[in-house]
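Copied from Swiss-Prot, the annotated features are:
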CROSSLNK  K49  SUMO2 cross-link
MOD_RES   M1  N-acetylmethionine
MOD_RES   K3  N6-acetyllysine
MOD_RES   K49  N6-acetyllysine
MOD_RES   K68  N6-acetyllysine
MOD_RES   Y82  3'-nitrotyrosine
MOD_RES   S92  phosphoserine
MOD_RES   Y104  3'-nitrotyrosine
MOD_RES   K115  N6-acetyllysine
MOD_RES   S232  phosphoserine
SITE      R56  site 'Interaction with phosphoserine on interacting protein'
SITE      R127  site 'Interaction with phosphoserine on interacting protein'
Amino acid sequence: MEKTELIQKAKLAEQAERYDDMATCMKAVTEQGAELSNEERNLLSVAYKNVVGGRRSAWRVISSIEQKTDTSDKKLQLIKDYREKVESELRSICTTVLELLDKYLIANATNPESKVFYLKMKGDYFRYLAEVACGDDRKQTIDNSQGAYQEAFDISKKEMQPTHPIRLGLALNFSVFYYEILNNPELACTLAKTAFDEAIAELDTLNEDSYKDSTLIMQLLRDNLTLWTSDSAGEECDAAEGAEN
């Protein structure tokens, strides 16, 4: 299928909320090997975020049921098997995205904005793997996630305005990584607060095109800070990450 046709089909699939189809189309576009435009990059990101998002929330629900089920309950094995099925799907999706990132996207990125976008994506998908990993595998996955986020973070600080939505989105997700994966609320709050304060200080540099995106992510940073510094800090913080652009 021609690239233009694949993109048209991906947009149609998005409107129909058929994200698996959308992801298949954008995977095919990526595998053609050319650098993606901003629009194509966003289509790819939205597709896989929805595809993996369904599995992440399903995994959480099933895990919660599993933990509450008595060990003597005959249903426990069925629940465990189902969790492992969802886990397997989630791993497969993450592996596909990480392969696309390493083979095509990061290597082809010619500007800092794209590089940060893809490295952030790499951090995200290793983070999703870390959510379901255990033992040595989990440690390696966490290291991979942190390494990608840190590389993206260093480039973003050097090359992008503090109000840039990609830089803000990276700070949002990196802080969620510190809070949820490394269980380090102090570092999570420091990172989120610094990103928020730096953006506030330079509000006059806000690009009109990205005003809505930037202010939305700033609001999410503030919501997470409120949540993390309150006594009720808990599972729901990742909902903020889910609403990120």
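Glycine too: its Cβ is placed from the backbone N, Cα and C atoms.
Annotated features, which come from Swiss-Prot, shown on the structure.
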residue	record	Cβ within 10 Å
M1	N-acetylmethionine	11
K3	N6-acetyllysine	13
K49	SUMO2 cross-link	19
R56	site 'Interaction with phosphoserine on interacting protein'	19
K68	N6-acetyllysine	9
Y82	3'-nitrotyrosine	15
S92	phosphoserine	12
Y104	3'-nitrotyrosine	20
K115	N6-acetyllysine	19
R127	site 'Interaction with phosphoserine on interacting protein'	25
Subject >> Candidates R56, K68, Y82, K115 (recorded positions) - the one closest to M1 (N-acetylmethionine) by CA >> reply: K115
Original post:
How many Å separate the Cα atoms of Y82 (3'-nitrotyrosine) and R127 (site 'Interaction with phosphoserine on interacting protein')?
Top reply: 22
